[in-house]
Each structure stands twice: as structure tokens, then as C-alpha cells.
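Notes follow the structure.
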Amino acid sequence: GSFELTILHTNDVHARLEQTSRDSGKCTGEDCYGGVARRATKIRQIRASHRNVLLLDAGDQYQGTIWFNYYKGREVVHFMNSLRYDAMALGNHEFDNGLNGLLDPLLKNVKFPILSANIRPKGPIASNISGYILPYKIINVGSEKVGIIGYTTKETPVLSNPGPYLEFRDEVEELQKHADKLTTLGVNKIIALGHSGFMEDCRIAQKVKGVDVVVGGHTNTFLYTGSPPSNEVAAGNYPFMQLSDDGRQVPVVQAYAFGKYLGYLNVTFDDKGKVIKASGNPILLNKSIQEDPAVKAEISRMKVQLQNYSSQEIGRTIVYLNGTTHACRFHECNLGNLICDAVVYNNLRHPDDNEWNHVSMCIVNGGGIRSPIDEQANNGIITLEELTAVLPFGGTFDLLQIKGSTLRQAFEHSVHRHGQGTGELLQVSGIKVVYDLSQKPGKRVVSLNVLCTECRVPTYVPLEMEKTYKVLLPSFLAAGGDGYYMLKGDSSNHSSGDLDISIVGDYIKRMGKVFPAMEGRMVFSAGSL
């Protein structure tokens, strides 16, 4: 007979353990979403009312709130174990604290398999991690065997810190090898679970023979059938049906991000393991779903240490960090310089023969800098609390690949209505821009020079319109915020990075004392006075 399987799935939760606001920031009012206590309730209800349930995570549990800064993944282990996840695929952010920060706490302490078929250890560390990262796992669900194969984005070495001894191989080739192996072992129901983005998920569904369902992540893709329940706009139906090269309809799913939804897919297989029906929708975890009291109590208990942590000294400033509105929205501000310098530092990777680094430029919208830090108050001591006042939105600094012409367009947008105190003026690092405000909007950029990367002595050189550049920027801008529609990244050119306050905090800690200056990174030419 046929076999009905219910797949519950999360991806890109990014340390949202507590419930959040509608846009996945701090929950302040009544209208709150997600959080692990609320997810626990929904999972319990579905396990009680459905026979064959799998709970899967497609990676990027790590990084995104102060929970991760403090607990470093112990919080992920604790709550994923208590929610009884069946399997997790590794995302790029699981490597943010290096291989050691992945091994312990995560790999050594979870009670479920961690999967990735396309990561190949080489050299000295191969023995340390053998047995901790599996290519696939066969799970008994009811009377049937289900094979789950994991995969992780090939971009991980550029996006995170996996170190020199892990090789990230082509997803389709590696998945095919393991799908063939599972088929040989007599497993005819196979799920690919991984973290390479929606376009790659679809390519896997199209190319890999034997894979019946693809559960993905990385691009925070929201799929929905019918009219969406909140403010996310659907990129396609749920499940998205991809026609495979061998003529099958393969359901592909993703559940947005930040634990705001719980992915819910019902799949019916015939006795040969062929998918005959697939339906479902992500479930919005809004306040109509009660938070599980036991889980909620554990969150409260663990939160106490967070509060102590956020009031500890990180470092000091010996100058006024001007993050005022009338500075950062009108001209260069030294706090903007500090933030962007920290972001470039955070993205230093292994240099190669061509480049001292893969990226040299950062931009941040002045409106995203929400508070100054006064060096005369409290001896200039900087804590995480102060940084959270400067950068309160819990955003990340992401990597975008764009053409020079697009970057120039962004700098025109930066001053298209200069003087009104709007938030789009760009603070920078690795960029020198000259504006002439006497010109018409759209024609105000006099010159735009950028720091070379393919050079042994970094120098500012003119931006080339046709060349592709990498730029670091707030996730808010990569989503087209503040009118920067030209920067709206699609999954092929945009990768999410680390939490803003943790980047700036780590930099200040490393420096001990900071004294950012006004450096003429942004200049208004005489014609505009």
C-alpha cells in the first residue's frame, strides 16, 4: 500500500530562541512570532495527530542574536535535542567559530545525525571529525526506511571559517553517489536535506536520480500556496514542484527563516517509493499558538546569564563615537567608519596568490546607526548593551557581488535627496567618494575610488563600470531597504554574514581601545557648498 510521511522542517533559524517581532527582531509588543517554546507546542500537536513524522533542520542554526554570542551553540544543542530533531544538515554559519566551534558544542553533543555529503576532510583533521559528519542516514519511520542525504553550500569557505582542511564539493555529484548507494541498499524513499539556496535545491531536484523530496535553506525562501498569512511574499507555491530530468515531479520546500514558520509537508509514496502526492504549507507560528511552558521556563533561566554578559566591558573608546542623526545622515561620521572597518576585518579570509583578500569594501546606511557612544560617560567603556543601542535591529553584514555600474547607482541614491535627514547616506570603508550637490540628483557622484584587492600594496583606484565587485553591507540594504532596490540581492549574488553587534564587538575587543577619525572618505566638492 501507500505510505504517508509528514516532514516538519526549519532552516536559517539564526539563534532566534526567544519569540520575535514580525520582522524577526526583538519582540517588544504583543504581536510576537516563533521562538523555540512556540515551535515545541506545534511539533507536539503534529506528532500527536500524524503517524509518520520527521523533524528536519536545513542548517544555519548558528549566529544571529546574543544567544549565540554567549552560548556559542550550546543553546542549539540543548533545544534541538529537547524538540527531538531527527536530522540536521550543516549550513555555512555552523563554521563561524571554526571547526572546533562546530565539533564542540554541536557535533559532539547532539542526539541526532548531522549530515553533509559534499564536505570532504583532508590532511590532519580528517580523523577528528570522522563519524561526526555523516553523508546520509537511514531512518526507520513506522514500517518504512527513509534515507536522508545532507549537503552544504560550496561557498562556505568564503562565507565562514571552515579552515584549510575541508573541501566543499559539487552538491549534485556527491548527492548522486550517495543516492545510488541508498538505492543499492534497497532504500526507495530519499530526502535531500541541505543548505545551498533555492536555485541549487531545484537543480538537485532536477538532476539527482533517486531523490524524491528536497528540503532546503540558505536563501530564506518563502513558498506558500494560497494567500500568505503575514508580510512575507511568496516566491512560489509550497511545495514547489520541480520536473526532474527523468520525468518525475519532485517537491522542493523551504520555510523562510528565523523560526517564524514551521515547514509542514505531507508526502504520499506508493509501494515502489514513488511520490504520488505532496501538499502542505509553512505554518505561521503566531500568538494563537501557545508557548510550551516548560521550554519557556528554560529560556527564562538561560536568559539570566545573557543579561550579565551584555553588561560586561568589551573595550573602550578614547574619542566621541559620533553616531548622532545629524552626523551620520549628513556627512562622514567616525562611528560609521569604525563599523565598516570592523566589517572588513571580520571578512578577512586566507589570502591567495592573486588577492590579499576577496573583499575590501563596506557600505552602511547612516540611518542604521542609531546612537552615539560618549567617551566621557563611564570612562568610554563599551559594552554589548551600548553596541545594541547603536545597532539595535539584529541585522547581519552580508556579502554582495555587483557590477561597478550598480555600485555607482547606489552612491547616486545615497545623496539623491541629501539634506532632509533621511537614512540612506552611505558610510564606507575601502571606498572614497566625492559628491557635488549642485548637480541634479542622479548626477552628483564626481568620483568613486575603491581599494584594490588584486594588488600587493592596497591603493584606491577608479571604479570600473563593467567589473564585478564584492561589497559588504547590512542585510537591510541587501533586501532593498532605504530605497536601494538596485542592491536587492538574489540568491545567486548574495550571502548572509554575521550579526552586526558581534562583528563590531569582536573588533573593539581585539583593538582594546578605539579612536576612529574623520578621514575624508566622503567629500562634498566645492561646487556644492
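Every residue gets a Cβ built from N, Cα and C, even glycine.
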Look through N286, N308 and state which residue has the annotation N-linked glycosylation site in Swiss-Prot.
N308
Test of record reading: of N128, N322, which one does Swiss-Prot tag as N-linked glycosylation site?
N322
According to Swiss-Prot, D60, N92, H195, H218 bind Zn(2+) 2; which one of D12, D270, D271, D292 is listed for that same site?
D12
Name the residue from C27, C202 that Swiss-Prot records as disulfide-bonded to C32.
C27
Besides N365, R370, F393, F476, D482, which of R329, R444, R456, R510 does Swiss-Prot list for that AMP site?
R329
Mind checking which of C328, C362, C452 has the disulfide with C340 in Swiss-Prot?
C362
Taking 10 A as the limit, how many CB atoms besides its own sit near the CB of N308 (N-linked glycosylation site)?
9
Could you list the residues of the same chain, at least six apart in sequence, whose Cβ is under 8 A from the Cβ of C333 (disulfide bond)?
N322, G323, T324, A327, G366, I369, Q427, M518
Compute the C-alpha separation of C452 (disulfide bond) from C328 (disulfide bond), stating it in Å without decimals.
26
Proximal residue to C328 (disulfide bond) among recorded positions H93, D96, N308, C362, C455 (C-alpha distance):
C362
Quick one: of the recorded positions C27, C32, H93, D96, C362, which has its CA closest to the CA of S525 (GPI-anchor amidated serine)?
C362
